[in-house]
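The block underneath contains the structure these notes are about, expressed in structure tokens.
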């Protein structure tokens, strides 16, 4: 019996107009797809996986997960919570935080607003949303490349360490990513269908694109490329602009402005304020800058990790230049901004993993009968091990990384607030002072008690040479705290990292504070000195 070789002949068809060879083979074997033959089963797989994923994520990643989403939603739902300076400047839309308000109301109504549910339920809700993104990535890959590539694309998406680590967090970037995947699925330029169906599909794509831009104005970078591509290819350009883009865009923009008007209490045009701060004044640079090539040499490469060779191979094998162009366009434009973060380019990570899916499908299947005739018996015998080695390589490099980053690295910030929320539930906390870099822990959305709390402010100052509270504390902890105690209301609890505790321990003991709890935080430093653990001190005289 002949065994199938793993080698793949380079596709010779134009993928912008016709299905590729892998897709052609899938069309002949769709009925044999088994589990993947049912959309409901695929969606269920994604949902169950992401829900388990969300429960395994117990670490702190980016402050916006709490401070720009859950903290705002908690304030709306319960009447207390901290709004950062961005909300006074009107550069944030309430559209994303409002998603979590019904959840909080539901928990409160049924008496389920306990520490466990307050911490876990938002991420469980996000896991449902993220599973929809996984599902539409599968559908998008199926639409462009066929069933087999779609299966390996989903495998890549679920196994990639950064997707596991980040995708179930309550960041607006994750909602943007989900909307981007849905929009690309409906967009005509990335599918093969009848003209009549494409026009109807395009309108759905426009609605989703407009929502993505409403959630995060920077999503316009993605949709500018897609829109220009469609404008170049469509014959009805006037109709596309004035009868589709303009009405749908204005409708979604009007809805967003209405939501913000109700919440801000006045008319606020968030996209313009966002543009002024982040692009025209480079306000984001206040929180740090990177070299122009950071996404290519560090950021995006770390996110892809060991999928890099498979992604590169998939790009050249598939020759799907439109999708590759979108990825390059987004990375290129974001590289022009000084302030860079991993999460900013999250929407194009699944696209890169789709190319990995193509490469993995190519490793497993044969396409050309000519190669099957010419390949030697010895090489055929090695093909299965080649595939197995690739899968083993991806699993053994991504799974430990995903679990370590989700369960171990920087978990102290989450653990300390979990502890304080239980203590507050037992009425053992009266007030809290956070002597940490600003926004280093969750806040009221986790504590869920209306108690006085104070953290070190890091709002942008008029001059970048002027140090904010957080900076001044990090430079001279003892001097800063000595000045603070002259007029402070003595807190019942103080939270700080061990790196500052070494300098302040004597001061705290002299003011009747003792250590009551210590939580592991990290094995290695991130952007400051090593913060190995986070410590809670309490006032002995309370």
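Cβ coordinates are placed from backbone N, Cα and C, and glycine is handled just like the others.
Values in this document were obtained by computation on a predicted structure and should not be read as measured data.
Here TrEMBL flags 1-24 as region 'Disordered'. The annotation compositional bias 'Basic and acidic residues' is assigned in TrEMBL to 12-24. Feature annotation from TrEMBL assigns transmembrane segment to 161-187, 207-228, 240-272, 292-316, 323-338, 344-363, 389-407.
Stretch with the most C-beta contacts under 8 angstroms to the transmembrane segment (207-228), considering only 292-316, 344-363, 389-407: 344-363. Within the chain carrying the transmembrane segment (389-407), a Cβ under 8 angstroms from the stretch's Cβ atoms is held by residues 56-59, 156, 159-161, 164-165, 305-307, 310, 360, 363, all 6 or more beyond its ends. Counting residues 6+ beyond its ends, the transmembrane segment (323-338) has Cβ neighbours under 8 Å at 144, 190, 221-222, 225-226, 278-279, 282, 284-285, 289-290, 292-296, 300, 315, 344-345, 347-348, 351-352, 354-355 in the same chain. Only residues 6 or more beyond the boundaries of the transmembrane segment (344-363), in the same chain, are considered here, and those with a CB under 8 A from a CB of the stretch are 6, 8, 22, 133, 137, 140-141, 144-145, 148-157, 160, 162-163, 166-167, 171, 173-174, 176-177, 180-181, 218-219, 222, 295, 299-300, 303-304, 307, 310-315, 317-318, 320, 323-324, 326-327, 330-331, 334, 386-387, 390-391.
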